[in-house]
Every structure is written in C-alpha cells, then in structure tokens.
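First comes the structure, then the notes that go with it.
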Amino acid sequence: MKKITIRDILKMKGKKKIVMVTAYDYPFAKLVDEAGVDIILVGDSAGMVVHGLPSTIPVTMDMMLLHVSSVARAKPRALIVGDMPFLSYEVSIEEAVRNAGLMLKSGAEAVKIEGGSEMVDVIKALVRAGIPVMGHIGLTPQRYLLLGGYRRRGVKEYEAEKIIEDAKELEKAGVFSIVIEFTAADIAEEITKEVSVPTICIGSGPYCDGQVLVLHDLLGIYEEIPPFAKKYADLRRIVIDSVKKYAEEVRNGVFPERKHYFFSKRREAEK
C-alpha cells in the first residue's frame, strides 16, 4: 500500500472522510495502521492517558519526541503528525521552528499546533521551513486554564465568529488541515464549507471532512471518557480479566504448563 502523504489528505477534502486516531508507541501504531487509519496523531494527550498527568500542560518536548520516534519505528502507511507541546512554539518563532524540526527528525511527517490567528506568524515560519502544519481551533486543551476549563466552544455568537475567523487565518497561513474540537456542529459545518483545506472534528459534529478520537477512549481503557467520545471496546475489562486469570493460574500451579518450559540434558539423563 502506498504511503499516505499531505497531498493525499488534501485530495480527500469533500470526497472521502478522513480517519485520524492517536497512538503513542510502536505496538499500537502497528495495530491502528493495520486497521487502515489515514492519520496517526502522536498527541500530547499522551501526558494524560499514558503518563497520568492532570492535563497536557506538563508535557515536554522530550516526552513527545520519545513517543514520535516510537510510532515512526512502526513505519505506518498512515501520515504521522506530532503534537507540539505547551510552550514549545509560543516563546519565539526561532524556538518553534527548531522544535518542529526536531519532531520531523524524530519521524513525524507534520506537526499540530493549537491556536488561532495569534499563531499565524509561527505557522508561516514553519511552512517556510518546509514543515507541514495541522491547525487546531475551538477547544484548545493547552489553554484550558485561560478558557475556564474544558467547555463547549462556539455556542455564543462572538465565540463562533472568532473560531470561524481563526480557521480562515490558519488556511491563509498555510496549514494543510484543521482540527476543530468541542465546537458547535453548525459552526464546524460552516468552517468546513468556507475553507479549502480538510477539517477534522473531535466533538464537533458529523459535518467535518474527518474525525479524530483518542485511542484510549475508543478502546475503553478508562471507565470515564469525554462526552463526545465513543467506546468501541471494553479493553479495560479484557485486561483486568486476563491478568486475573493469569494470577489465578500461577497461584494454583496451572501456569506454566509443560509446553512452556524445558529441562537440561542432566534431567534427561536421569530418565
């Protein structure tokens, strides 16, 4: 199968729904790629679902580079997008370009940046440097403190207008796609119609050019998931039951079975 590129994603606009999912390591990158996703997002959500952090704010570049390189070693057909963590691109344009470059050197094929019109200069600089950029508007988790929490966006008119304007500004700046998070569905629909690049929704309705979910949410690894997510499996229960079964067999002397071990020649001679 041919490797998916930025050009392929752009061609899917309005024609074929884009499927994006997060993955943070080699084995899950292999599995989701085998499932046929179009984009693997190495999200800073790893901080919460993998490392147990309370938010994405403490996530560092070193953490993200480790996850990106692990995913890249899976050599997926899907496009690999690395999430730029908090304060890796806001301090200066030079630092943003340097950090985004490290993402690509670690195996990412594009980077994702949160923010609207205030990020235009950074995005332009990255694109000039040859770094593909995915935008992210609506609910931007790295700014949840400023936004007053993880709340719905675009319900009020002034918010809706700002999000629509942000999308247009990001398009002009050169992004190849835009994630729209936890935003009113009609606003996401309007944006999708007005911009020429693909939009990818998460909690923003069915009208975008694609959808994205956090892998741990759709697999049901945790009991609680965001209101816009859907569990397609109950992996939490599968893991618990499997380990319980293993523990039971160890304690009852059932595991290991004869096929799981061998003897030295000394034991064979004793026979």
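The backbone N, Cα and C atoms fix where each Cβ goes, and this holds for glycine too.
Copied over from Swiss-Prot, here are the features:
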- GLU181: active site, proton acceptor (ACT_SITE)
- ASP44, ASP83, GLU114: Mg(2+) binding site (BINDING)
- ASP44, SER45, ASP83, LYS112: 3-methyl-2-oxobutanoate binding site (BINDING)
Separation of alpha carbons, LYS112 (3-methyl-2-oxobutanoate binding site) and ASP44 (Mg(2+) binding site) (Å): 10
Distance [Cα-Cα, Å, rounded] between ASP83 (Mg(2+) binding site) and LYS112 (3-methyl-2-oxobutanoate binding site): 5
Number of other Cβ atoms within 10 Å of the Cβ of SER45 (3-methyl-2-oxobutanoate binding site) across all protein chains: 21
Length of the line joining the Cα atoms of SER45 (3-methyl-2-oxobutanoate binding site) and GLU181 (active site, proton acceptor), in Å: 13
Length of the line joining the Cα atoms of the residue listed as 'active site, proton acceptor' and LYS112 (3-methyl-2-oxobutanoate binding site), in Å: 13
Other residues, Cβ within 8 Å of ASP44, ASP83, GLU114 Cβ centroid (Mg(2+) site): GLY43, SER45, THR56, VAL59, MET84, PRO85, PHE86, LYS112, ILE113, HIS136, PRO141, GLN142
